[in-house]
Amino acid sequence: MGLHTLLLLLLLRISASAAASRPPLDTLGIPPQDEAYFRGGVIRCRDGSGRFARDKLNDDFCDCPDGTDEPGTSACPEGKFYCQNAGHSPITIFSSRVNDGICDCCDGSDEYDSNVTCKNTCWEAGKAARDKLKKKVATYKSGVVIRNQEIQKAKVAFAKDEAELAKLKGEEKILQGLVDKLTEQKKLIEKAEEEERLRKEKEEKRMKEEAEKQAADEKKASDASQEVDSQENHETVQEDESKVAEHHDGHATSHDNHTPESESSVEQHDPESQDDISIKAAPADESPPEETSAAPTKEQESTPADSEGLSREELGRLVASRWTGEKVDEVSKDDKNEHEAEHDMPEHSEETHEDESDVPESAEDSYAGYHSEVEDDRHKYDDEDFSHESDDEYVDDHDEHVASYKSDDDQKGDDHSDFTASGQASWLDKIQQTVQNVLRTFNFFKTPVDLSEASRVRKEYDDASSKLSKIQSRISTLTDKLKHDFGKEKEFYYFYDQCFESKEGKYVYKVCPFKKASQVEGHSTTSLGRWDKFEESYRVMQFSNGDRCWNGPDRSLKVRLRCGLNNELNGVDEPSRCEYVAVLSTPALCDEQKLKELEQKLEASSNQRDHDEL
C-alpha cells in the first residue's frame, strides 16, 4: 500500500513538471517578441490573405497559407516553431518538424504531443555555449583595443599620404614647368645642331664637287696638253727634216766632213728620242710673256739637259701646271738659270729668234695672261688686316662667352654655399636654381654649338625628367591607393600593403586585399580574381574575374571576415565549381557595438540560468 502510494506521487510530480515546462497551447511556438500580435480576438494573417479567430490558433488546422495561425503545430508547411531553450540559445525550426518523433529543441518543446520523451539538455549545451561565448567576449575586448590602435595609426598614415600627395602634385607642377623649359631649349639645341650638320654636309658636298670638277679639269687639261705637245712635236720633226735635207744638198761636196753632224741630226730625229723633243717644246710655252725675245730659245736649249732625268708622269705634271697655275720648284729654278745664262751667251740671239718664230701662235695665245690671273686669285685672300680683324673678333667673343659662363658657375657656387649655411633649401629649390643658371649661360645663337654647354643642358634635362618621372609614379601609386574604401573608420587601411596566405593540401592560397587573390601550386599560379568590393557592411571581401575554369565560369573568391586577435587566413574551400570561400580573422572586425551585444547575451544567459535554478 505504501509503495503504491509513493509511485503514484512520483508520477504526479513528473506530470506536473512536464506541464510546467511546456508553455500554454495558445502561445506554443510563438517568439516572445510576437506574443502581442496574437492577443487580439481576431488575428490577421501576416501575408494579408485572411483573418482567423483567436480560438483557431494552434487548432491543428491551417487557416493562413503562410502558417500564421499554426506556429505550434505541423498543420501548415510554411509555419515556424520557436524553441525557447531556456538556459541555452533559442532557435526557430519549421513547424513541419513538430511532433515528428525527433527532438529538435534542446528543451524538448517541439515533441510535446508525441510518443517520444525528449530530455532537456539545454543546461549542458548552454554551459558549453556560455563558455564559448565568454571566450568570444574576451576576444572581442582585446580585439577592440587592437582595432582602435590600428585605426589611430591608419588615420595618421592616411593623412600623411594625403599630405604627401598634395605636396607631390605641387612639386610636379613646378618641376613640369622646368622640364618644359629645358625641353624647349633642348629642341633649340637639336635644331641648331641639325642646321650645323646640314651646313657641314652641304659644305662637304660642295668641296667634293669642286674637287671632282678640279680633277676633271686637270684631266682635261692634261689630255689637251698632250694633244698640243704631240702636234708641236710633229711640226718640229717636219721642220728639222726639211732643214737637214737643205743642209745636205748645200754641202754635198763636203760629205765626209759633215758626217758626224748628220749622224747627230739623225739621232736627234730618231723615234726613240721623241721624249727629248717633247721636253724641248714644253718650256717654250711655259716662259712668261714679259720675258725678252731671246728667252724661249735659251729655254729650248737648256730644257733637254735639265729634264733629262724626268719621267713621262713628271713631264705630264709639268705641262699640266701651265693649265692649273701651279708652280713647280724645279721649273722655277730652271727658269732662273736660263735668265742668267741669257746674259752670258749673246751670240745665240739669232738662233733664238729663229726658234721663237717656230712656236705656234695658237699655243702662245692660249697661255697668255693665265699665269697672272692665277697669281691674282692666289693672293686674293692674303689681306693681313682682314685675317687679324677676324681673329680678334673671335677671341673677343670667346673671352666674353667664357667670362659669362664662369660668372654663372661662380654664382652657382655661392648659391650652393648659401643653401649649405641655411640648411633650409630643398632639392626642388636647388634644381630650379641650377636650371636657371644653365638657361642663362647657354648661347643659342653661337655657331657652332658649344658641345659642353649643350651637354650640360641635356644633363639637367635628363635629371629633371628622371625626377619628374619618379614623382609622377609616386603620385599615381598614392592616387590609386587613396581612392579605395577602407571602411567607416579606415580600419582596413593597413590591409593595402599586406598579403595573407593559407596552405590547404597541395595548394597555397594568397589573398592581397585591394589587389588580387591567387592559388599557387609549385611554380603554377592561378588567379582567383582581382579586388572588387566589400559586401555585407564590410564583413565580406569580394574578388572577381579570375582565370576562367575549363568549360566553366571565371574564378571568384569571397573572404568572410571575423573578429580575431591576429590576421589569419583559413577555411579555404570550393563549395561550388570555381567559386571559392575563405575566412579571415582580423582585429578590424572586433567592433565595440558587437562587443556590447555579446556582453548582453552572456548576461541574459546567466540571468536565465539563475532564474531557472530558483
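Cβ atoms are placed via backbone N, Cα and C, with glycine included.
Of the listed residues CYS499, CYS512, CYS590, CYS590 is the one Swiss-Prot pairs with CYS563, by disulfide bond. Per Swiss-Prot, the residue annotated N-linked glycosylation site among ASN115, ASN257 is ASN115. Within the set CYS512, CYS578, Swiss-Prot assigns CYS578 as the partner of CYS549, by disulphide bond. In this structure, the CA atom of CYS512 (disulfide bond) is 18 Å away from the CA atom of CYS563 (disulfide bond). Note on proximity: among ASN115, CYS499, CYS563, CYS590, the recorded positions of the record, the Cα nearest CYS549 (disulfide bond) is that of CYS499. The average pLDDT the prediction assigns to the domain 'MRH' (497-592) is 94. The two recorded residues, ASN115 (N-linked glycosylation site) and CYS590 (disulfide bond), show a Cα separation of 46 Å. For CYS563 (disulfide bond), the same-chain residues lying six or more positions away in sequence with a CB closer than 8 A to its CB are LYS136, THR139, TYR140, GLY143, SER585, THR586, PRO587, LEU589, CYS590, LYS594.
Between the alpha carbons (Cα) of CYS499 (disulfide bond) and CYS578 (disulfide bond) lies a span of roughly 21 Å.
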